[in-house]
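Engineer: Structure incoming, see below.
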Amino acid sequence: MTEISILNDVQKIIVLDYGSQYNQLIARRIREFGVFSELKSHKITAQELREINPIGIVLSGGPNSVYADNAFGIDPEIFELGIPILGICYGMQLITHKLGGKVVPAGQAGNREYGQSTLHLRETSKLFSGTPQEQLVLMSHGDAVTEIPEGFHLVGDSNDCPYAAIENTEKNLYGIQFHPEVRHSVYGNDILKNFAISICGARGDWSMDNFIDMEIAKIRETVGDRKVLLGLSGGVDSSVVGVLLQKAIGDQLTCIFVDHGLLRKDEGDQVMGMLGGKFGLNIIRVDASKRFLDLLADVEDPEKKRKIIGNEFVYVFDDEASKLKGVDFLAQGTLYTDIIESGTETAQTIKSHHNVGGLPEDMQFELIEPLNTLFKDEVRALGIALGMPEEIVWRQPFPGPGLAIRVMGAITEEKLETVRESDAILREEIAKAGLDRDVWQYFTVNTGVRSVGVMGDGRTYDYTIAIRAITSIDGMTADFAQLPWDVLKKISTRIVNEVDHVNRIVYDITSKPPATVEWE
């Protein structure tokens, strides 16, 4: 795989991945301060970090115990680099354990803590500058530090945690037992900002303009005079990739828009009009709907759906590429969240993403993924910076597998049509209500469940459609949107009256976690 990444002269803070469910949020929060940040494996060596030249390092939380035989470790030379290090939860315990302190099961020193707790600051610290002496933080640990290494001192504790914050300012080493990256730590952003700006000396000048200039340079360096194929899905991500690549390599880019029969209502024509017309991208439109739907017939398992679609998507590309000369690269709109949710060596796979785990091993192309260091809100900001109109940039997110993962169970034309029509009504009414910017994502799902109803004087036995609407910043966590009842009522009434084979509407009021945004 060809990795499109950030050039070496950018200030960056590296987050070492120890398997926490929150580790991606650490990088996301740091980026909010205008500082580039990304995750790296905990197996990285001190020499590799020297080559990256970060201004700071964060050791993430994790599910293991630092004293266990299978515990994730750290190259001890990293502590000698002179780079500021912040250990969070497991990261603090790792610093303690490796530098001569003591970590034990929490029952031997206070209690386990899961949830909000009050942090009591006992000394002033640059890390906590501008925050109150007592503050609510999110704890999530089953082990505790009982002895701190030589050169460290106590900064803060809680009722159940004797060492909740420690530091060795001489060596620029800091440890906190709680999670500042989550919103339940009320002053968590201030703490992370203090680390990035005050302790690491970040300038805070990272922006989308930086990203555009450096990614264009990197793309040109990687591609040279060769040709690139881009798959357009109709979503924001691939559209932004198309405009970025066109700026970088011009007519070396050919876009293939594969109509796999799983698109939203009128999506094909809209894609051709927006990107082919307004931006002049060279787009080949391929009607492969029968090819995909035949393969998906009777397939119920969502992971199998994703794999089938991912494989066939690339085989369609192979077929089209064989008609072209000298195509070496396949571009995708893979995001940072896609990579994270598809699993790392320390974290379990949540779901395989079409842009990550669904590609065949015998693929003929090298991959280019210009957005794979960005979160969704950053992609929108990138689109605006590229001069794209808001109707494209704020287009509703749409997964690569399309409506296949918005139809529960086996896919049929009838089920697909219920989702297409109901989704169009939902989007129309959300826009009419002026909520299209407040609600981060919204769509409908054919649940595959039929229920009894009465329409007119007759009995019906038709599908139940679920409405999913969420609010979020980056897609990693989300709350269900509290839509006004009158809006929901109008949407429900219209769907039942206007969409055939539907007689019941339900509203999904589940947050992420525990649920994911998509149902499959």
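Even glycines carry a Cβ here, placed using N, Cα and C.
According to Swiss-Prot, the record shows the following:
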type     : residues                                               : note
DOMAIN   : 12-205                                                 : domain 'Glutamine amidotransferase type-1'
ACT_SITE : Cys89                                                  : active site, nucleophile
ACT_SITE : His179                                                 : active site
ACT_SITE : Glu181                                                 : active site
DOMAIN   : 206-395                                                : domain 'GMPS ATP-PPase'
BINDING  : Ser233, Gly234, Gly235, Val236, Asp237, Ser238, Ser239 : ATP binding site
Engineer: For the ATP site (Ser233, Gly234, Gly235, Val236, Asp237, Ser238, Ser239), what does the 8 A shell look like? I mean other same-chain residues with CB within 8 A of the CB centroid.
Structural biologist: Leu232, Val240, Val241, Gly333, Arg395, Phe398
Engineer: Do any residues at least six apart in sequence from Gly234 (ATP binding site), in the same chain, have a Cβ closer than 8 Å to its Cβ, and if so which, in order?
Structural biologist: Phe257, Leu263, Arg264, Glu267, Gly268, Gln270, Val271, Arg395, Phe398
Engineer: Hey, how far is Ser239 (ATP binding site) from Glu181 (active site), Cα to Cα, in Å?
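Structural biologist: Here the two Cα atoms lie 30 Å apart.
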Engineer: If I take the alpha carbons of Val236 (ATP binding site) and His179 (active site), what is the distance between them in whole Å?
Structural biologist: 32
Engineer: What's the CA to CA span in angstrom from Gly235 (ATP binding site) over to Glu181 (active site)?
Structural biologist: 29
Engineer: Would you count the other C-beta atoms found within 10 angstroms of the C-beta of His179 (active site) for me?
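Structural biologist: His179 (active site) is surrounded by 24 other Cβ atoms within 10 Å.
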Engineer: Expressed to the nearest Å, what is the distance separating Glu181 (active site) and Cys89 (active site, nucleophile) at their Cα atoms?
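Structural biologist: Answer for this pair: 11 Å between alpha carbons.
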Engineer: Please list, in sequence order, the residues in the chain of Asp237 (ATP binding site) that are at least six apart in sequence and whose C-beta is under 8 Å away from its C-beta.
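Structural biologist: Gly333, Thr334, Leu335, Leu371, Lys376, Val379, Pro397 - these are the non-local Cβ neighbours of Asp237 (ATP binding site), listed in sequence order.
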Engineer: I'd like to know which of the recorded positions Cys89, Ser233, Ser238 sit within 10 A of His179 (active site) at the Cα level.
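Structural biologist: Close recorded positions: Cys89.
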Engineer: May I ask you to report the DSSP-based helix, strand or coil state of Asp237 (ATP binding site)?
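Structural biologist: Looking at the DSSP assignment, Asp237 (ATP binding site) belongs to a helix.
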Engineer: Could you tell me the mean pLDDT over the domain 'Glutamine amidotransferase type-1' (12-205), as a whole number?
Structural biologist: 92
Engineer: Does anything in the same chain, at least 6 positions from Ser233 (ATP binding site), have a Cβ under 8 Å from its Cβ, and if so what?
Structural biologist: Gly333, Phe398, Gly400, Gly402
Engineer: Return the single residue from the binding-site residues list (Ser238, Ser239) that has the minimum number of other CB atoms within 10 Å.
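Structural biologist: If we count Cβ atoms within 10 Å for the binding-site residues Ser238, Ser239, the smallest count is at Ser238.
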Engineer: Does DSSP put Glu181 (active site) in a helix, in a strand, or in coil?
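Structural biologist: Going by the DSSP assignment, Glu181 (active site) belongs to neither helix nor strand, so it counts as coil.
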Engineer: For Val236 (ATP binding site), what is the tally of other C-beta atoms lying within 10 angstroms of its C-beta?
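Structural biologist: 24, counting other Cβ atoms within 10 Å of Val236 (ATP binding site).
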